[in-house]
Amino acid sequence: MDYQTLLDEIAQDIVPYFGLGKVANYIPALAKINPQQFAISIATLDGQQYSTGQADTRFSIQSLSKVFMLSLVLGRLGDSLWTRVGKEPSGNPFNSLIQLENENGIPRNPFINAGALVVTDLANSLYGEAKAVLLDFLRQETGTTDLAFDLEVAHSEQQHGDRNAALAHFMKSYGNMVNPVDHTLDSYFHSCSITLSCAELARAGLYLANHGLSPISGQQRLSRSQAKQVNAIMLTCGTYDAAGEFAYRVGLPCKSGVGGGILAVIPGKLSMAVWSPALDSQGNSLIGLEALDRFTTRTGLSIF
Ligand code: GLN
């Protein structure tokens with residue numbers, strides 16, 4: 001498979017889509033990002049990497065942090081995690097409060113904001129300071145030492161974080177937040193603010209493609225079965241209320257973030273990342289979906 005040629009072709013194909021969609025505008029730090037940017041990168045289990053576009057430009061990982069935080073918690077706790085958070089698709093926007101009351105403060109899944117806040121609360125209980133452990137995890141899994149929080153983004157999230165605060169306090173009223181809510185929110189906002197490039201993100205996902213064992217750090221991050229579980233939840237919940245559309249068009253476990261990044265995994269083969277900041281109405285990268293659709297359609301590589 002000539003991945004490089006294919007990626008270069010996809011980069012040409014998506015050009016007409018520039019101008020569609022909108023960059024995230026709930027905080028000024030993200031609203032000012034130039035939407036006319038695109039990158040795609042593939043990291044294979046046999047150690048090759050192919051990229052095109054601005055693959056070394058760092059962007060805000062936002063909800064992509066949820067997949068790594070979940071891995072840290074699931075890897076340590078195992079199935080007892082599922083008493084605190086569900087694993088069913090929500091069919092609702094990522095920041096929705098609507099299902100929490102009917103479900104007694106147990107969020108539908110770890111990839112909507114409510115679920116990620118519970119996972120972050122658990123991570124703080126398990127690790128002390130989850131945001132630092134997450135940053136360290138990403139440094140090891142990308143093989144890069146200079147990763148950092150974007151403090152402008154983290155503070156801006158805090159200032160505009162009323163909905164996340166509402167979610168966390170609401171869950172606390174059901175006893176589903178153990179640590180002080182302000183600490184959990186601080187950890188969550190900082191986790192979302194980490195910046196990675198597309199090339200780094202593709203490498204960071206390799207343990208998910210390799211049944212939990214990272215070829216980068218050499219660490220068994222998840223058991224084989226847990227890696228399957230995380231991939232399954234990415235497929236069903238990783239792109240929120242567009243998870244059906246992504247399964248239909250892309251056919252891979254995917255996780256998105258409102259910074260415009262999407263991670264996609266082909267178990268047993270490769271991890272890929274795509275980035276373009278303009279989002280569709282569900283908060284997923286519009287061009288990212290177009291690019292991933294083309295990749296799996298042309299290669300025939302998908303989990304189906
Ligand atoms: N920081 C964002 C929020 O909490 C993350 C959302 C996302 O990427 N979908 O609203």
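Positions of Cβ are set from backbone N, Cα and C atoms, glycine also.
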Of Val133, Val230, Val258, which one shares the substrate site with Ser63, Asn113, Glu157, Asn164, Tyr188, Tyr240 in TrEMBL? Val258
Candidate with the highest Cβ count within 10 Å, taken from the binding-site residues Asn113, Tyr188: Tyr188
Neighbourhood of ligand 1 - binding-site residues from Ser63, Asn113, Asn164, Tyr188, Tyr240 with Cβ under 6 Å: Ser63, Asn113, Asn164
Cβ neighbour count (within 10 Å, all chains shown) around Asn164 (substrate binding site): 22
